[in-house]
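> According to Swiss-Prot, the record shows the following:
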type: MOD_RES; residues: Gly2; note: N-acetylglycine
type: MOD_RES; residues: Ser8; note: phosphoserine
type: MOD_RES; residues: Ser17; note: phosphoserine
type: REGION; residues: 297-356; note: region 'Disordered'
type: COMPBIAS; residues: 312-325; note: compositional bias 'Basic and acidic residues'
type: COMPBIAS; residues: 337-356; note: compositional bias 'Basic and acidic residues'
type: MOD_RES; residues: Ser338; note: phosphoserine
type: BINDING; residues: Asp475, Thr477, Asp797; note: Mg(2+) binding site
type: MOD_RES; residues: Thr1116; note: phosphothreonine
type: MOD_RES; residues: Ser1140; note: phosphoserine
type: MOD_RES; residues: Ser1155; note: phosphoserine
type: REGION; residues: 1160-1220; note: region 'Disordered'
type: MOD_RES; residues: Thr1165; note: phosphothreonine
type: MOD_RES; residues: Ser1178; note: phosphoserine
type: MOD_RES; residues: Ser1182; note: phosphoserine
type: COMPBIAS; residues: 1200-1220; note: compositional bias 'Polar residues'
Amino acid sequence: MGDMANNSVAYSGVKNSLKEANHDGDFGITLAELRALMELRSTDALRKIQESYGDVYGICTKLKTSPNEGLSGNPADLERREAVFGKNFIPPKKPKTFLQLVWEALQDVTLIILEIAAIVSLGLSFYQPPEGDNALCGEVSVGEEEGEGETGWIEGAAILLSVVCVVLVTAFNDWSKEKQFRGLQSRIEQEQKFTVIRGGQVIQIPVADITVGDIAQVKYGDLLPADGILIQGNDLKIDESSLTGESDHVKKSLDKDPLLLSGTHVMEGSGRMVVTAVGVNSQTGIIFTLLGAGGEEEEKKDEKKKEKKNKKQDGAIENRNKAKAQDGAAMEMQPLKSEEGGDGDEKDKKKANLPKKEKSVLQGKLTKLAVQIGKAGLLMSAITVIILVLYFVIDTFWVQKRPWLAECTPIYIQYFVKFFIIGVTVLVVAVPEGLPLAVTISLAYSVKKMMKDNNLVRHLDACETMGNATAICSDKTGTLTMNRMTVVQAYINEKHYKKVPEPEAIPPNILSYLVTGISVNCAYTSKILPPEKEGGLPRHVGNKTECALLGLLLDLKRDYQDVRNEIPEEALYKVYTFNSVRKSMSTVLKNSDGSYRIFSKGASEIILKKCFKILSANGEAKVFRPRDRDDIVKTVIEPMASEGLRTICLAFRDFPAGEPEPEWDNENDIVTGLTCIAVVGIEDPVRPEVPDAIKKCQRAGITVRMVTGDNINTARAIATKCGILHPGEDFLCLEGKDFNRRIRNEKGEIEQERIDKIWPKLRVLARSSPTDKHTLVKGIIDSTVSDQRQVVAVTGDGTNDGPALKKADVGFAMGIAGTDVAKEASDIILTDDNFTSIVKAVMWGRNVYDSISKFLQFQLTVNVVAVIVAFTGACITQDSPLKAVQMLWVNLIMDTLASLALATEPPTESLLLRKPYGRNKPLISRTMMKNILGHAFYQLVVVFTLLFAGEKFFDIDSGRNAPLHAPPSEHYTIVFNTFVLMQLFNEINARKIHGERNVFEGIFNNAIFCTIVLGTFVVQIIIVQFGGKPFSCSELSIEQWLWSIFLGMGTLLWGQLISTIPTSRLKFLKEAGHGTQKEEIPEEELAEDVEEIDHAERELRRGQILWFRGLNRIQTQIRVVNAFRSSLYEGLEKPESRSSIHNFMTHPEFRIEDSEPHIPLIDDTDAEDDAPTKRNSSPPPSPNKNNNAVDSGIHLTIEMNKSATSSSPGSPLHSLETSL
């Protein structure tokens, strides 16, 4: 494409480029050129920009965008950009087709056994012994009616058909589950928005809509959604470890390193960038595409080599625990592993298998329970088969003394196959394969409904873990309060105003300082916009504390925008942006006479300590002594704080023109010797619904703690208003430094015993840093002082809250105020930032737990009865009263349909009236065990009575001891029908697990339950009346049906009888399904601690491997690719899909073990040459400390003595050489 304009185009030409975009068909820069530019680093990138485009404005010109106005937003222009440069979207891995899911469902071992047995049965049923030989085969073949022999194949075919039904139902469930997860994934993507400038307006658009040429505003906490080049930056620091492996934050500036890469985190500062690459063309996209494509191409080869590899290298591939990757929203790649085996292998294995968090409580309990039930079922089915075979052999060859005739062999084998099928059906019924389905359905249903309750669940298991929560550590601002801040009090010109004063009451020079200081020393992204509806409140955009200060100016009848127009963001000389360590923000202005003025704002106690002067009543600065400061603290700040106000101090300092220029990087020397302008009290009202929500939590046995950065008096006042603290209670309120002093020993190390003395009584942690929050959360989780280990939920919104959110059992991020980094580290996103939504999450979590318990109570009752009936019946009557096909139908009711019916019960407020279950609470309580055994007893009595006396009662032929291929009997049909109807009515009983009397309460609120129960009943009628030979059923009369229904309904009456027996009397009942025992935990926790300690080190290596793999295909020779592949690609499994760039960096990608594999360097000679060179080959610093493009004095003087192929210091290739 031809250049649209010369590189030295005047700045005015940039503004006109928007108009040109409408009629000029081509851009002045190609996709390939942009990709090549974004692959360069630091000095190489600067050289390329200077040589080819002049500066970043030259790139804006070629992309036909304005650095100040952005794109016009014209749909035709946006479409053309997407067509040329691509869409900001990485295509997800194709979902599994329905046929693939069917194939996966067919892999079930019990179903395979059943299929084989059915095929054998089918084949043998066509064999008939020669005429006249029937008598020789003994009684086994007697009793067949004429024509019945020909229908012997039906049972085998019916079993196959039933297996097909089960497989189709399973596949359909998996398909709908996957569809739902993809829906959740797209919902998460839609939630991700980014701030851009279009048509001169600052707007937020979905990440997928960002296109090349957009001017994006980046700020602290953002996860960059695309590649770009910096136009203007304020103290911008980026965490690039996810891509380059460098664990140190990288300072971005126009004169050193202006390239911003997708998938990296903004850790400090703010700025604007022009987007240069999106989607698969961004750096994240390129690597993702290469890994994905490479994996698919090599997948087949890998599979062929797998066996050989496993033999050659022990444990080459480590399967990582994916507790957090079930939902498809946060898939993880398989870790790499060293080829070196040896003694360290076991340690390596443990380390590689470190989960993000320990396995979810419910999963652990269910797995344990399922294994126990499975073992019992296998034992029962084996005993059943052995008894049947022995009974048959002894009766035929011992009692009847028959010889084994060759022509009778197929008949005998048919019997053995029949016995085998009975054994397998016992196993099928006994093994609770419906458990995982019930969990999935319950979680998926809950997740869908929780979205309506403003909980966007990113990790499925967080949903059920929330039901066990015993403690919530909540932020204050925005979660407990409304996050709509207003200045309500002020201390200006030595007067304490209880409401905002009139502008006339303030001396003009103080007012001037106040207006300028607030206007320029608040982020320019913070602003107050007119209300959306007439009569509504003005909209606060950006940081809410800054909006309160801007609101103060409006109350003083001054317009901050006039000041900002006069001093645009580009003109700010230096900005010390706010972070959790500074707790302040400062901005330096350069005056026309060469002097400087710095404005500071921040926590009052921090800024006041740096003030040596204060503006007096007449507007003059006077000395501010320590005792004056103490007076202000006592008479102004403490009274404000006790009313729950946040106090902010505003100050300034002048640097005269004649003095040498200060050392701007030495912040401590700059932000000191200040003159105090004012102290303001900002009110952030408690959300009206919060006190009630906290009361519910306390009633539900959940302790709520407030962790805030505000001072202790403000925090205490708000905690009292919320109901976290009550007057007269003996609870602790600590400041961060006091908390640290109490929990650390003389060496400064944290001791768990010290934390254990504090946390049970701690309710408020004020002036705390994110590190304090992490320490508290970890201390509570690791504590063993209480009987139950604590399950902790945490809320967070800042970038530095990531560690605490990850450490917590459930991390809640704020959907509105939260940074992208916090959202990526969280399990659930609160879309309304409201504490009451957390209470709803607790309800849903407990509901999931109860739903699983309801299903277990129902299923185990069926299991016990079906297994005992099949076993006893088979041993006594030499045949199972419930046939294989009938068992499969029961299994279908029991597993799939019941799990759907019971797992979709909506939650009720009553769930919050009991204490949390905790980690070690068994899944099956003694009340549930009483219900299971009580109902099993009733059902067994009914079934055995019908089995051994039913024919007399109903005056029909007995179905016992029927010969092979005998027609279905009414007797056994009644047994089957009654058995199914008892399960159906017991499903209603199973809705209550805490001994409640009214089992029908709320039944009509669950349409799915009612539909399934009625649907099952209708299908049962069809099976019995029209099922015939395939279902081994004979038509029943109305009288027989009424008796079956009556006996089925008896379970409801029997349930009432069971409820009257107090559980406390039944001491002999055991609980089942316990969680992880206490002594099993420390190892996991220890491993997790090791993970945290080694995080930075592993982060470094992980990032390098990731970059190395992406770059080696693009930038280096084929021999290096081959060498690299031979050493590293072995043992790498194909990464699973991610659907968008934004989610690509969700989790750490690779784990490299301590014993590092040998990785060939890109060029060993270069590495040696580079070693002695100094790393300061960057250009001399610009006199403009803010690194803005407006400053024409930027010198892009770069050393040109390096060859293009060698890696310059600071580049990713160089860091690879030096580190790897």
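Cβ atoms are placed via backbone N, Cα and C, with glycine included.
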> Can you list the residues of the same chain, besides Asp475, Thr477, Asp797, whose Cβ falls within 8 Å of the Mg(2+) site's Cβ centroid?
Lys476, Gly478, Thr479, Asn483, Thr708, Thr795, Gly796, Gly798, Met814, Ala817, Asp833
> Three states by DSSP: which one describes Asp797 (Mg(2+) binding site)?
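Reduced to three states, the DSSP call for Asp797 (Mg(2+) binding site) is coil.
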> How many other Cβ atoms sit within 10 Å of the Cβ of Asp475 (Mg(2+) binding site)?
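Total other Cβ atoms inside 10 Å, all chains included: 25.
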> Give the three-state DSSP assignment (helix, strand or coil) for Asp475 (Mg(2+) binding site).
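Coil, per DSSP.
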> Count the other Cβ atoms sitting within 10 Å of the Cβ of Asp797 (Mg(2+) binding site), across every protein chain shown.
26
> Sequence gap of 6 or more, C-beta under 8 Å: which same-chain residues meet both conditions with respect to Thr477 (Mg(2+) binding site)?
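Spatial neighbours, sequence-distant, of Thr477 (Mg(2+) binding site): Asn483, Lys544, Asp684, Thr708, Asp710, Ala817.
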